[in-house]
Amino acid sequence: QMVDPTLAEMGKNLNEAMKMLEDNQRKVEEENEKKYARKDIPGPLQGSGQDMVSILQLVQNLMHGEEEEETSQSYRLQNVGEQGHMALLGHSLAAYISVLDRERLRKLTTRILSDTTLWLCRLFRYENGSAYYHEDDREGLLKICRLVIHTRYEDYTLEGFNVLYTKQPVIYISSAARTGLGQALCNQLGLPLSCMCRVPCNTMFGSQHQMDVALLDRVIKDDVESGKLPLLLVANAGTPGAGHTDKLGRLKELCEQHKMWLHVEGVNLATLALGYVSSSVLAATKCDSMTLTLGSWLGLPAVPAVTLYRHEDPSLSLAAGLTSSQPVEKLRALPLWLSLQYLGHDGIVERIKHASQLSQRLLENLKNLDFIKTSVEDELSSPVVVFKFFQEYSNRDQTSHAAQASTIQHPIISNERHVYDTFNQWLGEQLAQLVPASGVDVVELEDEGTCVRFSPLMTSAVLGTEIQDIDQLVDCLKMKIPVLTSTLQLREEFEQEVRRTVGLLYIEDLAWPGLGVVRYNYHSDGKNDDKQEKELEKINTELLKKLNELESDLTFSLGPEFGGQKNCVYIGMVTEDLDVSELVETIAATGREIEENSRLLENMTEVVRKGIQEAQLQLQKANEERLLEEGLLRQIPVVGSVLNWFSPFQASPKGRTFNLTAGSLESTESMYVSKAQGTGTTPPPTPTSSLAKQRLPGQKAFKRSLRSSDGFSETSSISHCDDLEKMDQRPPTLSPGQEQGPLEMEKAEEQEVAQAKTDTEDIHSDKSPPDCTKVEEQASLR
């Protein structure tokens, strides 16, 4: 039972607010509203104000909104849990505590700050340390740099940057550090970029993500000889990319030798809370300072990062901003103070241990998979697992590729790496989409290229990753590996088939994760570039539509939205049973069919116009001939009628028909004689694939059928034809006891002859009008 009723009301209101915000079910009335409702339009503040329920409802609408891509955010909110509610309660309590009287506020903030610092130092084995709590995870390192500058430059407080002219300070960071870290430090400290030195990683021995200690030693000595002052070294206990740890023991000795400050950061620092810690990470407890990001490790929202440090002069710490005399500044630790008490020591260790078990489970499964290459620092305990798809070459190809590798930046080698980077980018996106609870992402490493990274310490507490999610991830990976290997093997065959096929152009796009890119070439007849480009776009668009209508497992598209080639057909991932020859021939045949149809439609207007003009000329000529045959007297109105009554003039109709296929006018005299329309010129056959084959029931397009099934289908078809021939040669069967005499046979023959005559008469009596367009002239005038 709470003593302070305000705290009880605050907790109650927080629970109600969180319940309302986490309720992602929309009402039926809201679904029927328009996309932009009137209440969503910003307006002036209401004079009377709003109640808490209305304001929280507005916050919920702004959080979830109408966009579908907000589903991932709602998933994260559902996994905040009660420990997250405690962290959120801490922000509310901080605002409430800040209104207390000054003496009571000082005692409370001192207790909160001392308790949290003591718990963290004991939990992460950092003895006699102080703590600085900050929102930005880079702010702690920035304050440490200020502390070191105040320590090494005694007159810095009085003279400021003037003392830096005599000895320029130098800050050393690893080349595997976070992108933009050095530039951010120089901008905040007001130092030139020449004060920042990037130390390369190992190239010959050890991990390629660890700082080269021997090279660092030589660089420091050169800087000392040139009159510079080595100030601080930033090391990694878990690089941002691969999760490797620098040789902290040797780096600490080097820093003591040159009187430098050693700062350590990284995700592997979380393992200091476990019972077993690797020696490389355990050396971080001897460093001068370290930064911990407990929010992502423990799944706590809106908790500050913590920088633990050791320094004996409180005045310099105050000058650097690591400590504050304002009690309100000390309330930053309140959300963390509440959350640590709620979880307890066992709960904190259990969360970190669970994340380590997830990475170990994935690493063990990856060892048993072919074509998967892992990059971990320690196979026994590695919090970060980085892997990639990589297909080893055969023994015959290893010699040629070794010779090619001797040449720096050989084009074949560079293209091959680009293709693998593209495939691994696709693999990482597919795994993240299929198993979102795993939290895998894609990372770009300098030596390995594009890889898939699994860092459960950064994601598992928020996403709620479990062992079954890792097993599902491995199952999905097993399904994607055959697709990757098949596509990689068939890419070269597809390129060769396209280059050999007339009318197709192979487009090399190394950034496309799929079989390849092809374009149907339009044969232009002296057209300008703009019209040719439009025709090319029209044909390839129609080709894409025709290919998508086929029943196949392939995906055809226009390519990526940005950076892709225009007027091309992009073919996605394929399986090993793909018939590349049939696919290429079908694309070529479909393109030729679309091109010929396009040309026919394009020339139709011109052909019809010329046909009409020719018909008008022939009609005019026929009228003149008719006037000459009838004579002048028949053209006079009254005389012509009398003359036609006494001596009628007989003229045979001379019609014309326009053949669209041939594009010419033809006489209709033969049609009036035979009373049937002629077929005219036979239209050209539709282009079809020479490799088109009859598919079995249920078999999709572009699939190679097995030999046994082909043999079975051929044998069955041959035997079926033999049965039909035997049935044709077999006499008609009679029912038992029925015999056919000579009289019955004669009657049957007479019926067959009569039926044949009837069919012939029906054919000659057909008076249906012809289907083609006719242009006929009249034989007489009215």
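Cβ atoms here come from the backbone N, Cα and C positions, even for glycine.
Among the ranges 241-268, 353-380, 409-436, 605-632, the one that TrEMBL lists as coiled coil is 605-632. Per-residue pLDDT, averaged along the coiled coil (605-632), amounts to 75 for this model.
Per DSSP, the secondary structure of the domain 'PDXDC1-like third' (494-599) breaks down as 48 helix, 15 strand, 43 coil.
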